[in-house]
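Single-structure report; data block below.
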Amino acid sequence: MVENISLNVTVKSSARKNQQQSPALSVKKRAQKSQDFDFQFNVDKPKVKAIVVRRRAPPSKVEPTNSSVPNTTKSPTPSVSSSKSAISTLSASPKANASNDDLMFNVSPTKPPVKSVLGDDFMLNVTTKPVVAQKAKPKITRAERLGKKQRQGKPLTKLSEEQITRALKSNKKPKNPNQLPTPGDLFRAQLEEERRQKRREEGGGDQEASADEEDAKNNSGGGSPRVKPSSAVKESKKSSDIEDSGESGEESATSDEEPDESSAQSPGQEKEPKQTAKKPPKAEETSSTNRFRTKKIGLFDQSDVEALKQLGQRAVKPVKETIFTGSKISTLGLHPHAVKNLEDLLSIRELTSVQQKTIPEVLQGKDVLVRSQTGSGKTLAYALPLVELLQKQQPRIQRKDGVLALVIVPTRELVMQTYELIQKLVKPYTWIVPGSLLGGESRKSEKARLRKGINILIGTPGRLVDHLLHTASFKLTKLQFLILDEADRLLELGYERDVKQLVEAIDKQRAECEDKELPQLQRMLLSATLTSQVQQLAGLTLKNPLYIDNSDEAASAALKSKDGYQKETIEALLEVDDGLGEYQEDVTGVLSIPENLQLSYVVVPPKLRLVALSSLLAKEVDASPKQFKAIVFMSTTEMVNFHHDMLNEALTRRVLDEEDEQEKGDSDDDGDIPLLQGLRFFKLHGSMTQTERQGVFRGFRDCASCVLLATDVVGRGIDVPDIKLVVQYTPPQTTADFVHRVGRTARAGRKGRAVLFLTPSEAQFVRHLEKKRIRIQQGDMYAYLQTLLPKDDEARTVQEAASNLQHKFQTLLEDDRELHDKSCKAFVSWMKFYSTFPKELKPIFNVRIAHMGHFAKSFALKEAPSKFAAKHAAPKAAPPTNRLTYTERDPEKIQAQKRAKRRFTTTVSGEVRQLQQRDVGAQKPGAPPPKGGFIGGGVGRSSFMKSLGKSRALNMSEFDSGLPPEGAAKRRKQA
């Protein structure tokens with residue numbers, strides 16, 4: 001028979017819009033609630049918890065109960081398809097199904113399905129799996145996230161200023177590669193300590209307690225936060241924006257003009273009654289309550305954060321050279337006078353390593369090629385055996401023998417230094433005459449000395465070639481010694497042509513000499529770096545030389561395998577490929593630094609370079625005020641001129657000219673103490689006259705506390721005692737230049753320091769030095785800037801002191817038009833220098849990456865470079881030419897030119913008189929003589945020609961004297 005089936009479904013009606021909706025359950029609560037059976041019937045996503053199907057009696061329309069169903073056998077389980085169709089029917093139209101009499105819905109509280117004890121025919125239970133809560137993603141730190149991106153090769157996101165500030169304020173500091181606190185941490189701690197100290201001095205204990213309470217209140221979230229020292233970065237950023245819009249250089253308002261920060265309230269906080277307090281006097285107010293008296297010039301911004309980065313130091317094994325060996329001079333077998341002279345005049349009793357290796361070989365007459373580090377005594381290594389061999393010759397040499405030893409050096413200062421050393425060495429031997437020839441001196445006096453005779457001649461290549469072509473008494477026939485000192489610098493300065501011409505002239509004169517018993521010519525070449533061009537020069541000048549390397553390890557072990565060089569013998573070295581002909585680095589890879597030299601570099605933002613240099617010098621002067629010598633290397637002549645004038649006027653107030661002397665009394669800063677009081681600045685570069693260069697060089701050696709601003713003209717061979725610091729304000733273009741620059745200090749076993757200035761974009765130059773086995777440490781810029789704070793009464797922080805000093809530089813530049821022009825020229829010359837780095841360093845020193853506006857600020861300029869660069873970028877005028885630049889170098893053609901010029905000389909010679917008589921004879925009879933009275937114009941009877949008849953010679957200076965013309969010459973009485 002057909003039985004009616006009753007389906008009891010428990011549903012949960014959906015909430016309507018007008019009804020109040022129940023709050024949504026969390027994932028965790030929903031997971032707990034899924035243990036009970038619930039039927040949620042939503043239109044969007046129905047969730048079936050339980051379906052119970054029961055059989056009931058057919059005729060009655062009463063609500064079925066469990067008792068009306070007889071307890072029979074187990075009901076058969078319906079098919080899955082029938083259950084699915086029932087569910088789909090219910091979900092499609094639940095209201096239609098509810099109106100059916102056969103199916104009735106009992107909405108009751110949720111209960112778990114229980115099997116009927118009365119025995120139902122069948123029962124269908126459909127359940128769903130409980131909802132499992134999703135696991136939250138594990139949180140990772142920012143460093144792990146960036147590291148994961150870096151491993152996957154994804155681009156790193158750029159941090160905002162708020163993120164950087166939050167990272168700096170957080171307690172989790174990144175680990176330093178050197179396991180040392182970062183400069184930024186030390187700087188912030190120092191600023192916090194200074195703030196507390198200032199507050200303690202100004203307000204006493206009560207104010208300090210109230211300030212601490214306010215700090216605690218701010219930390220808990222009430223009120224506005226107090227201004228912290230780290231906010232100076234944001235203040236300076238705002239000032240940089242003001243400066244870019246053309247309003248830089250203006251002073252910021254004092255604290256009375258600023259709004260009271262403690263009065264600011266949070267949005268939900270009630271406004272407290274304003275407390276009135278007694279105002280201090282005006283003088284007290286300006287001294288104690290002025291919080292930010294900073295000239296807003298925009299020095300500290302995002303680049304300052306970049307400068308705080310620690311680059312770290314790699315493990316580098318430097319090339320070591322032993323300077324002193326412990327052997328005495330008496331062991332060389334020299335003349336007793338020479339040994340005593342060295343002890344008395346030079347205080348030298350012990351030999352250096354290069355001297356011990358070189359002097360015995362030179363005494364045996366061998367050609368040598370010497371490579372040794374700067375300051376190891378190379379000059380004495382060839383000068384001492386040179387004098388010893390000359391004084392041994394019998395019969396004694398005489399002055400009239402001429403030049404027996406020729407020493408070629410690259411610079412005039414090195415000529416003076418070498419000449420003074422040889423003068424001391426030949427003091428016991430009065431018959432040996434040394435002399436020097438260098439550019440800038442009078443040729444006439446040099447010709448006279450050459451005619452008298454010079455036995456040991458020291459000179460620069462240009463002046464030596466000049467006398468070789470134009471001085472008949474300069475003969476090199478009897479030359480016995482040819483020495484080339486600082487050979488690599490000779491080639492860098494463009495003297496290769498002159499050196500080659502000198503060597504060819506020596507060989508030609510010796511070949512043409514009739515005396516067949518000429519002494520053998522001994523040749524020596526010395527350098528601190530062995531470049532490929534030095535090898536080529538050695539091939540031209542040396543004959544079977546002996547290579548002497550002073551490094552502790554063999555130079556062949558340091559050769560680069562990829563270049564294919566094997567330097568087992570000097571012959572293989574000279575037959576090297578021309579592949580590195582223009583490569584100026586040391587091909588042996590041996591770049592040795594003295595062990596007592598402490599190398600460091602400082603990463604300085606471009607806008608802080610001038611201030612950082614001033615603070616560095618101030619710190620060193622404070623450490624040793626009575627005895628301090630330093631050399632600051634710069635790239636161009638214009639930079640040296642500008643920084644010399646700027647630092648003198650701004651930091652020492654030294655009178656430079658008459659106008660400064662007149663304005664000295666009108667200055668408003670007479671009460672202030674200069675930052676570098678007592679320090680003297682010198683400048684030295686190649687464009688100065690010889691008289692100026694000699695005076696500067698001697699003044700720098702004799703001065704106790706001074707700084708020399710110079711180009712690379714003093715980078716080679718200059719030996720000035722007691723130089724404590726070398727600053728490379730602009731980076732060198734080659735590693736060899738770096739080695740020679742830092743070699744001006746820590747000479748002959750003394751101690752010294754060298755500091756290299758780099759910008760954040762140039763920091764990878766350190767890795768380039770480390771590849772060359774040069775160990776260098778990173779210095780702290782803020783350690784130098786802190787020196788400015790005690791010397792600035794208006795500044796409260798280091799940033800304020802640095803900004804005030806920069807403002808002082810800019811104000812001085814605005815008031816002095818001449819100094820402003822020098823600054824513009826210096827900046828343009830620096831731009832040209834920066835674009836000429838070699839190919840291998842172009843990625844590090846890239847002119848396209850450099851921010852020219854920031855670099856212009858290091859020259860105290862406020863204008864954009866585009867406004868003045870075109871004006872000062874015009875090509876320079878041609879330098880004054882000498883006889884080597886515009887005359888013929890062939891001696892025969894030179895003599896022909898001299899004979900042609902005699903016709904136009906002011907000396908009254910026979911040719912001139914014949915020319916005058918011919919011109920007078922060619923004049924028409926009766927015609928008046930032309931005005932002017934010039935030679936060759938047919939004016940034989942003019943006053944000028946009559947004056948020539950009385951004088952045998954006239955100098956051109958007599959015509960340019962500016963004196964009034966003399967009266968007409970008196971006529972002679974006729975007999």
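The backbone N, Cα and C atoms fix where each Cβ goes, and this holds for glycine too.
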Candidate annotated in Swiss-Prot as phosphoserine, out of Ser99, Ser561, Ser943, Ser951:
Ser99
Given the ranges 27-56, 327-356, 507-536, which one is assigned the annotation motif 'Q motif' in Swiss-Prot?
327-356
Look up region 'Disordered' in Swiss-Prot and report which of 871-891, 892-912, 955-975 it refers to.
955-975
With Swiss-Prot as the source, which of 113-116, 485-488, 817-820 is set down as motif 'DEAD box'?
485-488
Out of Ser22, Ser224, which one does Swiss-Prot list as phosphoserine?
Ser224
Among Ser60, Ser210, Ser236, find the residue to which Swiss-Prot assigns the annotation phosphoserine.
Ser210
For the motif 'DEAD box' (485-488), what's the mean pLDDT in this predicted model?
84
Using DSSP, how many residues of the motif 'Q motif' (327-356) fall into helix, strand and coil, respectively?
18 helix, 5 strand, 7 coil
